[in-house]
Amino acid sequence: MSESNQKLEQEFLEYVKKISAFEEALSLVYWDLRTGAPEKGATQRSEVIGTLSGEIFKMKVSEEMAAFIAGLWLEKDGLSDVTRRSLEECKKEYDLNKKIPAAEYEAYTKLVAQAENVWTTARATNDYALFEPYLEKIIASKRQFVEYWGYQENPYDTLLDQYEPGMTVAILDDVFAKLRESILVLRQRVEAAKYQPDPTLLHKRVTKAHQKEFSMRILTKMGFDFEAGRLDDTVHPFATGLNIGDVRITTRYDEDTFKMAVFGIIHEGGHAIYEQNISPKLVGTPLANGASMGIHESQSLFYEIILGSSFAFWQSNYKDFQEITAPAFDDVSVEEFYRAVNISESSLIRIEADTLTYPLHIMIRYELEKAIMNGEIGVADLRDAWNDKYEAYLGVRPESDADGILQDIHWSGGDFGYFPSYALGYMYAAQLFATMSKEIPNVSEILASDDYTVIREWLTKNVHQFGMLKKPLAILQDTTGEGLNPDYLIQLLNDRYDFIYKLNEA
């Protein structure tokens, strides 16, 4: 590489470091806004958010960025891995934004801002007709954007790639078909089972203080670094990584439903541990983030579902839980508790779904989004299509729009292509665990112990450290030796629910 290009590479890295600093500041403002910022400051806070967001956008599509891309792209094979992948990510985002005419993009951002407010009202008043015209415009815009961006086989592929690089309709159609059939068969067995766990065993009041005490113990065992993170209260739980030394998680407590906070904290803790263990060499670049939405979700679900929802985990931690919440669960055995915690029931609401039925909620949305982007269904028919699929897959039919097509905020924000990442997270997690179990033969003993360091170190070695340096399917291939395979999740679900519902007992 010439001396001039070496200089250009250094200038590029300084430029993306500046963008990263602005993004960290914006994340901090958002965190503060959602964790108790005074209401009277909301208007000014919105101005600050708008200003920071605008500056970040300008830097990402500036003439300077264009010059960096033009100057380094032909030489990218001679760049370091970090610089090359940073350049690829910057170019991808630059192209996505620049291929849309400025006037159309501005109109779209205004439309989405309006649509989210209208969606809030429509959901509160159970009125899909109020939201429908906005959704129609958003879909029309998205379909036009896809034409600008281009696609190879399916227009929906372009949207999937924005959240899950390398993911396609061809891959998802195949894995979802296998997963759907297996889940539907297992659900029939669960519903017909003679033994049914008793949900009333969990109807105990657990104070916020006791929920937090137990959850903090679990976070510590998981390996969450409290010197590089914190736990706070919020209305809508989330995790945010300002940098690898400052990753914050939040939760919401309900003293009548302890599961929400306890499992929510484990889930967000999984996200946070990922962010805390990204390689320091990626700090200040676009790569200091999760490889994709699906890979990020796989890490939260690994801790929540693979670890936190396993019987081995509760064999180890139930005594602590009983002592902290005493005498509430003194008369409930660990087996009874575990089975009650993992009850599977059909539900209308995605975020309330259990491990077995959750993927079905995602498949419904995937199938509808795919049909929308291929022009196979109109907005006027969406509500009926939604309700029909819920009846077919889950045996329940929404009686209200709020419990049906209006339950998610995603479409009001134009986030088509996002939903599949949730189901991919389940499959990634199960596949990674299968490989971990081969490489760490005593992994079940570790799950039943008080120290999960070996598990965290394995995940850091194979997933966390790479940030976005590796693409999601490369992480899966390099770690497990194969591409996406739903069989591991299918096996995990069958093994787990066989035990919970005593399906193999006479």
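Cβ atoms here come from the backbone N, Cα and C positions, even for glycine.
Curation plays no part in TrEMBL annotations; they are all automatic predictions.
Remember, it's a predicted structure, so these values are computed and weren't measured experimentally.
Per TrEMBL, the feature Zn(2+) binding site maps to H267, H271, E297. Its own atom aside, the Cβ of H271 (Zn(2+) binding site) has 23 Cβ atoms within 10 angstroms in the protein chains shown.
Positions annotated as active site, proton donor/acceptor by TrEMBL: E268. Sequence-distant contacts of E268 (active site, proton donor/acceptor), defined as residues of its own chain at least six apart whose C-beta falls under 8 angstroms from its C-beta, comprise P237, F238, A239, I249, T250, T251, S300.
Just so you know, the Cβ of E297 (Zn(2+) binding site) picks up 24 other Cβ atoms within 10 Å once every protein chain is counted. Long-range Cβ neighbours of H267 (Zn(2+) binding site) (same chain, at least 6 residues apart, Cβ-Cβ under 8 Å): S300, L301, Y303, E304.
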